[in-house]
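Summarising the annotation, Swiss-Prot assigns GTP binding site to 166-173, 191-195, 213-216, 280-283, 309-311 and lists sequence analysis as the type of evidence. Summarising the annotation, Swiss-Prot assigns Mg(2+) binding site to Ser173, Thr193 and lists sequence analysis as the type of evidence. Annotated domain 'Obg' per Swiss-Prot: 1-159, in sequence order, evidence recorded as sequence analysis. According to Swiss-Prot, the feature domain 'OBG-type G' maps to 160-328.
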Amino acid sequence: MQFIDQAEIEVQAGKGGDGIVAFRREKYVPAGGPSGGNGGRGGSVILVAVEHLQTLLDFRYSRHFKAEDGKRGGPNNCTGANGSDRIIEVPRGTMIYDADTEEIIGDLVDNEQRLCIAQGGKGGLGNQHFLSNKNRAPEYALPGLEGEHRRIRLELKLLAEVGIIGLPNAGKSTLISALSSARPKIADYPFTTLIPNLGVVRKPTGDGTVFADIPGLIEGAHEGVGLGYDFLRHIERTRLLLHLVDLTAEDPIKDYQIIQQELEAYGRGLIDRPQIIGLNKLDAVDETVVTQIENDLSQITSDPIFKISAVARIGLDQMLQATWEQLDSNPSEVNISH
């Protein structure tokens, strides 16, 4: 399935039904009064967050959505039927912006959470409403009002508590595969992962925590280089970052610093997010080299460092234990209104 995390749509709420001009025409009532009914309300356009959608792919092909118009009023003071609302399903984690003003309209995080993005027009008043002492037989009614029209930008930000970050080929997909039942594509070359992968990792209590394998970031990612800016946004909702560093790389310390610089340049508090560092591919490097890298890294960061091998499953339990402790000690709410 193709991963689409941005889309722009156009929505049109329904027009209100027209009020009508009508008079009572009953036997034995020679001078019946006005009885024109009101028009029905136009349907609204409503977004609903659902769990079964993981991407905004559907909006690549369907971009125009219209709710039903209200029906015109009827005689005998009958109000016209309301137009049906147009319900649009989106994935949980979708942020909604006005495409013209960039104003944030809403953020749909919870399952079945709803948000009206275009209000249906009010129905027009029938001539029954214009009866007065001066005008006993009003010959006019009001038309229904137009429904709202808007251009909307949708932006999906993954709902994961832990984000796995690092340069391409650091072993992020291997790690999420080792920790969970997720089975991402894995190969020994950069940019194997072209979409974020989600996996549920079980705590000792049995509770599940969602981890996200964020596609490989590179220098200049905050400016859109590589897979860049589009995937940095998916880290925004996380509470904790697992930063993988490839021990077999030419300069692991520089690799670590590149990712830190990208987080800081992107802003929005990412550089302040708690981190746990995993020195990965322990099984492929001499122990003295690993010790030197660990010592050098500890000189520039106070974040906890673990020596692991995702493929050989070495050191993962200790790193996970630190992950659970970090999550338990930090607030569950992260500021995501950006």
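Glycine too: its Cβ is placed from the backbone N, Cα and C atoms.
Mean pLDDT for the domain 'Obg' (1-159) in this predicted model: 91.
When the Cα atoms are compared, Ser309 (GTP binding site) and Ser173 (Mg(2+) binding site) turn out to be 12 Å apart. Here the binding-site residues are Lys172, Lys281, and the one whose Cβ sees the fewest other Cβ atoms within 10 Å is Lys281. A count of other CB atoms within 10 A of each Cβ picks out Gly166 as the most crowded of the binding-site residues Gly166, Pro215.
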